[in-house]
Each structure stands twice: as structure tokens, then as C-alpha cells.
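Student: Structure in C-alpha cells, see below.
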Amino acid sequence: MDRKRSCTLCGGAVMLLLLLGHMTNALEVPLDLPQPPTITHQSPKDYIIDPRENIIIHCEAKGKPHPSFSWTRNGTHFDVEKDSKVIMKPNSGTLVIDISGEKAEAYEGVYQCIARNEHGSALSNNIVIRQSRSPLWSKEKVEPITVQRGMSLVLQCRPPAGLPPPIIFWMDNNFQRLPQNSRVSQALNGDLYFSNVLMDDNRNDYICYARFPHTQTIQQKQPITVNVLDNSPSGERAPTFMQPPGMHSTSMVLKGDTLQLECLADGLPTPDISWSKVNGELPSGRFSFHSFQKTLKITEVTDADGGDYRCLARNRLGSNHHIITVVVRAAPFWISAPQNLILAPKESGMLTCRADGNPKPTVTWSVNGIPIENSHKDPSRKIENGNIILSDVQTGSSAVYQCNASNEYGYLLGNAFVSVLAEPPRVLTPPNHVYSVITNSRALLDCASFGSPLPKITWFKNGQSVLDGDLYIIHKNNTLEINVARPVHSGKYTCIASNSLGNKENHVYLEVKEPTRILRQPEYKVVQRNSVAEFECKVKHDPTLIPSMIWLKDNMELPDDSRFEVGSDSLTIRDVREDDEGNYTCIRNTTLDQDSASAMLTVVEQPDPPTDLELTDQREHSVRLTWTPGYENNSPIQLFLIQYEDSLHKPGVWVNMTEVSGTRTTVNLELSPYVYYSFRVLALNEVGLSQPSAPSRQYRTNPAQPDVNPSDVEVVGTSPDSLTITWRELTGLESNGPGLQYNVSWRQKDVDQQWNSLSLANVSQYVVTGTPTFTPYEVTVQAVNDYGPGPTPEVVLGYSGEDLPTMAPENVKVSVQNGTMAVVSWDAVPLSTVQGRLNGYKVSYWKLRSLHKQDPEPKKPQELIFQENETESLLLGLHPYSQYNLNIRAFNGKGDGPSSPNQIFETPEGVPGPPADLKVENLNLDSLVVKWAPPVEYNGHLTGYLFKYQPINTTDELGPLKELLLAANETSVTLDNLKHSTRYKFYLNAKTVKGYGPTVTEEGVTIMDEALIRHPAVEVGKGSAPPTPPPTPPVTQFLQPPFHKAPPAGRMFGSVNSSVEENHAVISWEYSGPDRNVYVEYVVDNSKDPWKTEYVNGTRTYQIRGLKPGMSYRVRVVAKDHSDATVHSTEELLITVPAMTSKQVDIATQGWFIGLMCAIALLILVLLIVCFIKRNKGGKYPVKEKEDAHQDPEIQPMKDDDGTFGEYSDTEDHKPLKGSRTPSNGTVKKDDSDDSLVDYGEGGDGQFNEDGSFIGQYSGKKEKDTAEGNESSEAPSPVNAMNSFV
């Protein structure tokens, strides 16, 4: 028996699992298919109504066909149609009850809605309708309460019972909330508890208010008067509990609700309340304390929250505790609510209804609102273990089943229909839907389907089957999931739904996009107030997605302020203020994803000024200053600067006194006597100094004798018989007292004599007169005031004034070393003759004349200064072969003494200077003349010249060097037998007995063969490119003396001529130099433009093109060296380009006009001839009739608008004259008529007949005049002739 029962239960479990699986996959029936009703919207179970408004009880349902509705009230049928105040909305079960003129209480009760159609009936919850109430406070006489100070007190509120319960609060007569704290607080029931009473609690306006939220009304209790007595105050005591009383209490709460536990204790001093759970911890994240720790609140209560909670009250006299046992009960809640069941005929299924609660709820079933035990018997239905099992269902057995689970705390009602259908598959997901996801995110592709029997879903990607596995997951609702989507997963997906009645497929598409990423995030900014802050936020995103940017400040929208400028990838805040500080977040959104980044903005500025300056520890010469720092403004204070004002001596002037670290707020200040001090403090951070603090109170110090003497005492002799004493006066701060004076004392040093003294005030110098010259003195300056003298002063040494030295240096000797250097020596002067401090010696020397020639004027003296211990010196830079004068004198601080007797000396000969004005003249084909002038500086007697020359080839290489020795009186040399068209380089040195002087160089070119001259013409800006500059010639090693570039050797250019036309000019010139670096340069006259340069390329004639008519130009021809520097140039030539001649000339003289007139005359002649022929023709010449019968369609009239002539019209019939044109194959179609003019062509030469008629044109003979360029094959008719002419 047990084994059989076990097997039966096993089989039932297997069937239950199968049916549960089927139920899990049950789907909603599309509304176009028959189905029982389903409640979609209904009013809450407990419905409190406002008596001032109509009652609306909601009941909405769906089904096929659409359901009808009915109601029950308090368990009986509610006939809506019989009550004129009740209206049921069309196609709905919602009731609208008009209570105007009626009492709302008449419609209170329990309502239930039934939705029916031919497939079943669905029921709503029982909806309890109750009217909200806000009753008045019952009238009562409130007696004053008298209590002794220190006792506990409870003021009862006892509000009227309202629906829903009111909200309680206590206020005074001025509608101000009464202050609450740990001593005085409001309990959960609204009473006001005092742990102990103070005298301040004595008042007559303790008023309890009740606010009813549904009707938004407030009721007021009569004011309560509390009289606190102090004649027998209560003493201190340990805590005891006022609420809840005793040591233990119990509280019940429903699962899911909020639990509130309360402990109110009296005691003196006021007790502190704490909470704990016995044998457990308070639930993390769900508990909180309120009303100054007196209330423990736990939200979303679970079974685990049941148990004992300890409330502990403690003060310094002891403690007490109270245990509250919490019991958790539960209204019914669903474990598995009944679900709709769609079955095909012959299928089986099961309805489950699993609910729980505390106590365990009772579960009952109904069918279409009728208890299942009272419904008609259905052999395909049975109940096992609270579940309804359906097997072998038949069409028409659809119904709605209700499951009711209830206990003493509530009930649950669930509707589930059973729909029996035979339906082929259909896919409910829209076809060709595109799913877009971001790379590496989850992709879900829907394939919602319906069918009965339940369709089987198969997925394909691009025609390949998709299997459930690691890469793809197929959920029970047939959704295809790709856990980590990548670009390779993009493509077309197909789901196929199939059952026994058919198949249905649907295509969807997946696009995997690149993620949105912020590449450059905003960075932390520290900016000063009134400056600009800028945050960057650059993003990379999928190109098919358009991002948007949102900026937030502290997770809220940016302020509506024009200072905030949002760019495409940045946020700029202008004129930053303190309230702009915060966290700024950049959010870059697309339709699929977003990325965000944040950065802080810190606004810094100078710190606020310190406050609360206080002077303490006041002593005779010190005081302690203390202050409170101001706000740092986000930049740490680095130091504090203390300043003082001396209102006695310098009022309004603040002086820096000392600095201390930014971490200190006090400093001990050393003070001076006789000062009225006021102090202030400034704070410094990285931004700058703060504003000064408010000044401290004034602190005065007592006078005293000076503690310092004047500083910077100096003794200076300004004249030979006086001594000047100067010092820096003491400041008012240093005077230490009134009556400040200076005792000035002096005496001659090393002389036994008394000090000379006198007292001075308000001065800083004194002059002692009658002193010997340059005598040492000792001087002191001491400060004295009304309270005594200052410290002993230091002795300062000085001298009286100097006088000029009285003696010149003796034994002056000059030793000449060479032509440019000499040595001078002398004996030192005796110190007794200096009459002061010897500063040194001055040596003056100057050139009298050259020994070779008479100088035009003597040279200015040169002066050398030597120190007092020097008696010998070198004279450098002398001119050779010259006569010099020299003297020496001593000098001191007063001036120079007498000069020594003049010493005259001569310098020997030296090498000469370079020859002057080296130039090349008389250049011929094979000879030239080199000329020069003697050196400016002979430096002795000239003995001759060394002349060298050598050719330079086209690559600037030097040829053989030849030398000539020339006499001293030679100033030119003629060189013969030279090569024509060759450049030569010349070297020249002058010579004395001391050797050769510096070398000068020059170059010259023999004349070129005129046969080589070319005359190219180059347009402006298109001249030939100049040749590549030759390499720098190597330095010759055999020329030892230094080279000096001589002035240009003669004029290389001769006369320059010009010929000017409308837009060009021809320039010609004579030139005797080399032609490789010759250029023509020109510029517009009176213009600041640079000269335009064009390379000549070895010619003597050049044409400048592109000149502007009417403009004047300056032109010159130049020759340049290898460094592109101009070495020869012609004089500037001013040319003027003539203006363009006027185009409005006499038209009668123009060739084109004459030709046109001739053509017109010829045309008129031809027309006259044709007209004459037509008027004189007979039957023998029917030309016009032939023409009309055989018109050539290619002949077009000549129009005025294309430059041709129109057709000629006869005056009688106005028909146009037609010409004949040969066919394109070159043949002429012969007319069949015997009257054709072809018979009279006379050879077809197109000439006039004897009678003057032009008949040859009709001969049909083909002519082609190649000379005139006429390519068409036309007979020379008059019209064609004119066409050819025109």
C-alpha cells in the first residue's frame, strides 16, 4: 500500500513538472482570438472616498468577445440601472456615482465587479468603499496643570478618530511649532512627554493640532496651561519608563509593513535612550532612529525581524531597560499565483495556486465566480493537492478559475482562464525589426509567438542553425540572447515557430555598434574668482550614432545662466563665482549607450580677513596678539602678515611688523617705548593677500631713554678748512620719548685735546669749520631725550677737506721700444705735498707731427691714469716715424696737481700703409693700365712697390702669378700682351726699410671680341636665369701681407641709350668689364617697390617687355661680384612709356570698313542683275519656274542675326530668290526640262552672257575654291557667292 502510494506520488510529481513547464511557457492570447475575460484594472481593496467628490469605482477587462459587466454590493446583486445616481461607463465596468444631494454614507459597502463573455467570468477583488471622516474635537474643559520643577509630565492630545487617522503636531498661539528635544518629545500617539520639567516650560499655549490628510482639514484642541512651581523641586533620579510602562511589552507587525518601537523615560538629568536586539543585530540598511533616539523604525519587516528588542535609558544616576517582544504576522502572499492556460484540444494542463501567510491561509477555487464544488461536473477536471488538473480538454471547455487565499489579516484573489484553441503558429514580434546594441553588451532578440498547441521555436543566423550553448542562449520565452555581442554577430536572424498546424518564420536584424567613449575627460580645475574655467569632453562614437552632450553640476542641471557656454565638446564658465564650485559631469549619450566623466571645479580667491583680534599678556615692551583666521577660500593660508600703526608719530601709516606661519594664530610682539600701537593682520595664500582685518584696540607703551643712536654717521671733508658730519635721524618709533636731540662731539685724532660738543635737534648734519687741511678727526653722535641719553656711541674716523697737490712728479724718462710702443717712468711725489689722499698719476701724451710730412693739425692729447703706487707705464698705439710730447701730474680727491716738464720723443720708421685708389683703366683686347696713389700713412721713407697679377679663368681658378718691383715714385703700370676677354687680379704693396705694408687688390677684364655679343630679348619677369655663382677661389699661400679691397678701378660702363615703345623699352650700353654678372634693373619712378632685376647674359643690348603705358621707370645697368654685391653701375636713366593711342580713329580710313562697303556694293550689283534677268526673261528662260519646282532644301535664307543677308523679294509676288546647291556627293542633278539653263551654260564657267545676264551659275558645274577656304560643294550662285564673300 505504501509502495503504491509512493509510485502514485512519484507519477504525480512527474506530471506536475511537465504541466508546470507547459504553464511556464503559456502565452497571452492575441485579442483577435476567442478568449475568456481578464481583469486589467480595478480600484484598491480599501477605497477611502472624499465625500465632496463623485465616487468612481474602476473595473476594466479584456476578452473576445468583449465582456459585459455586473456588480455585487455587500454580497448581493447591485442593479445599476435602477439607481439614477449610478452610471456605468460604456464598454467598461467602471461605476461613477453622483453623490451630489446625497450622503456618501449611503454608498459605503463591499463592491465586486464580474466581467463575462461566452467563454467565462472573471471577478475583481472585494472593494470596500468607506467615506473619509474628519470629526470635530469633543468639547471638554481643560484644567491647568500644576507641576513641580524637575518632575515628569505628559500632555494628552486624544484627537478624534478620523478616517484615515490624523497627523498630530503641537504648536503655540503664534502657530509656531513647540521646540522638541531629548527632554521634550511627541509620542507616536500624539501625546507630549516631558522627561523633567523646567521653569521655562511654564506657559499657557500648549495646543495640539490634528490634520486630516484626505480632506485637508485641521482641528485644534483647547490650549493647555502648565504652571511650573519651584517651591518643592524634585531632586535628581534614575530613569524610569513612562511609555511603554513596566519592564516588558509586546508589539505585533505584519510582514512587509513598517515597525515602530517607542521608549519614553523620565529622569533627572534627562536620560539618553539606546536600542539593541536581544540575541541578534538590528537589520542593516532598514533601521533608523527618530525623535531623539526614542523611536526605532524598521522598514519592510521580515520574519527575521521578530524577537526581543531592548530599550535602555541611562543618566548619571543609573539605567533602566524595557524589553519589547515583536511578533511578525503575515497577510496572505503569493508563492505561485494562478496563470492563464492555453490548451489545444486533447491536451492536458494544470492550474496551481500556492500562497503563504501567518497564519497559513485557506485556499479555495471557483469557476466563473461559482465555488468549484457547486459548479457543474467536468470529467476532464480534478483537484489534487490544491491544484486543478485538466486532461483531454475539449473545444468549448474554456472558463475562468478563481483562487482565493485568506487568513485573518487579509485575502488574495487570482483569476486565471483556461482557453481551449486550435491555432497555427503566429509570430508576434514585428517583422524585419532591427536590434542595435553596443559591442560587448548583451543582445536580446525577441521571437514572441502564439499557437495552440504551443509552437516550437528554432533560430537561424544567415541560414545556419543557432544552437543553445555558451555563445547563444535561448530562453524559455524563446528570446535569443548573445551575452557578449561583437561585430561578427551582426547580421540577419530568423526564428521559425512550428506546431502541428503549421509553421511561421520571422526575420530580425542585429547591428553591433562601436561603444561611445570619452577620449579626453574633463580635468580638475582650480581657478580664481572672476576668471574663466573650461572643461573638455571629447568623445569617440559609432559613426552611425549621433551623440548628444549633457553637462550636470552636482548631478543636477546647469544653472540657467549665460555665463555657462556649452560647446560641441567643451563647457566654458565665464566670470567664475564662488557658487560655481562643484562637481561637473559630462554625459555623452547615444540612443544605445552613454559615457560620462566628472571633474571638480574649485574656486579660489584671497582668504577672508582674520577676525577677533585680541591683545593679551601685556608687558612693558611686548604684547601677545591673537586672531581668528578667515575662510581660506579653497587655498591654504601660507602666512599671516602683522602690521602696526603708530598714531602718535605717523597716523594713518601701516608698517609691516612681522610674519608668522599660516598654521599659527598668535604671536608675541616686541614693542618700542613711547608708541601708540594699533595692530592688524592680513592672510596670504597662493592667490594673494586678504583684506586687512579690523584694527585691534590701541596699546600705548611708556616713554624711555633712547636705546639706539643715529646710524650711518659719516665724516666728510668738503673744503680744505672744514669737516661735515652727517647721520640718519631716528624715527619716531626709535625716539622712545619726547625731547629728542643729538649730541655731536669731535676732536683731532692723536692730539691731546678735549672733545668739542653741542646738541642739535631735527637736523641730520653739522659742519665744523676752521680745521687744518686733510687732518684726521674722531666724531660721535649720541641720541638724547627727556628721559636720558642713549647708549655710548661708536667713534667714527674722518678727515677734513683736501687741497690740490703742490708738487709735480720728477725724473720723468721715456724709452722708445719701436715705432708703436714706448716706456715712460717717473719718481713718486712726497705724500706731504699731496694735501690729501693720493689717488694716482695722469700721463698725457700727444703726437706733434709726422717726421715724413707736415700734419694738417696736431692730434688731441691722450691720457692714461695710474694708481698711486705705480711709477712706470707702457705707451701703446704710437704712430711710427712721428714726434710726441708727454707730461705727468699727481691728483687727489680735490683735483690735479702741477704737470711735469714736457718730454719730447720720436718713434722710428715702420712698414707703410696700403696704397690708395687702386684702379684699372684703358682696357683693350690685350693690354690695360693699373693706377694707384701713394699710401696715406708712409710711416717712413718709401723705397718702392711690389706689383703682382694673375689671370682668373671661367671657374674662378687663379693662373700663374707674375711680379714687378716698381720705384717709389711710380703710380701706374701698363701691362701688355694680355689675353683678350680675360679677367685679371692685381696685388699691390708699398715698402719701406722696415718691410712691405698691407696688400690691396683689384680686378680688371680685357675687352671682349665684339663678334661674341648677342642681343636676346627677354620679357619682364622671364629673363634668363643667372649662372650659378662660381665657387669661392682658394686662398693663395704665397701672398703673406693682409689684403685690402681697393676702391673700384675706374668706370666700366660707358654711355647708355634707350628706345621706348608702347609696352617695352630697348636699353643699350658700353661696358669694358666681364659680362658674366651684368644685370638690367628697373623700377617704377617714385615707387617704394624693390628693383626688378633681369640677367643680361653677355650682351650690350637688352629689351625690357611688359612695361605699362603712361608710366615712368628708372633703369640702370649693374655689374655684380660673386657675393651678388654691386661693384659697377651706370647712372639711373629715366624713361617714360607713351600712353596707348586713342582707338577712336577715322572709320573711313580703316581697311575693314572699306572692305565692308565694297561687299555691300557688290551685293547690290548682284541683286540688280538678278532682278534684271527676271524682268527680261522669255519662254526660252523659265528660270524662276524651274527654281520653284526644284527648290534645294539645303538653301537657307540669310538672316540678319547671324551676319548674313536676308532673301531678296520680287516686288510683284514677294517670293524669295532661290539658289541651287550641289548635293553632298559633288554631283549636280540635271533637270529634265528642255528649258533648263544648263543648255546655255557655255562651258559652265559661270560668266555673264553677251546680253549681260548671269546665267553661268545655273550650269551645275562643281567648283571648289580652296584658296578661299570654301569647303562646301556649291555652285557659284549669286547667293552662294555672297555667302562665300561674307
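Glycine too: its Cβ is placed from the backbone N, Cα and C atoms.
Worth saying up front: this structure is predicted, and the values here are computed from it rather than measured.
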Student: From 567-591, 692-716, 717-741, which range did TrEMBL mark with region 'Disordered'?
Tutor: 692-716
Student: Six or more residues beyond either end and a Cβ under 8 Å away: which residues meet both conditions relative to the compositional bias 'Polar residues' (692-704)?
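Tutor: Non-local partners: 609-611, 613-615, 618, 620-621, 623, 625, 627, 643, 645, 647, 654, 671-682, 736-738, 785-787.
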Student: Between 0 and 100, where does the mean pLDDT of the domain 'Fibronectin type-III' (709-803) sit?
Tutor: 92
Student: Please spell out the DSSP helix, strand and coil residue counts for the domain 'Fibronectin type-III' (914-1010).
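Tutor: Its residues divide into 1 helix, 52 strand, 44 coil.
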Student: Counting by DSSP, what is the helix, strand and coil composition of the domain 'Ig-like' (37-124)?
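Tutor: Within the domain 'Ig-like' (37-124) the tally stands at 7 helix, 47 strand, 34 coil.
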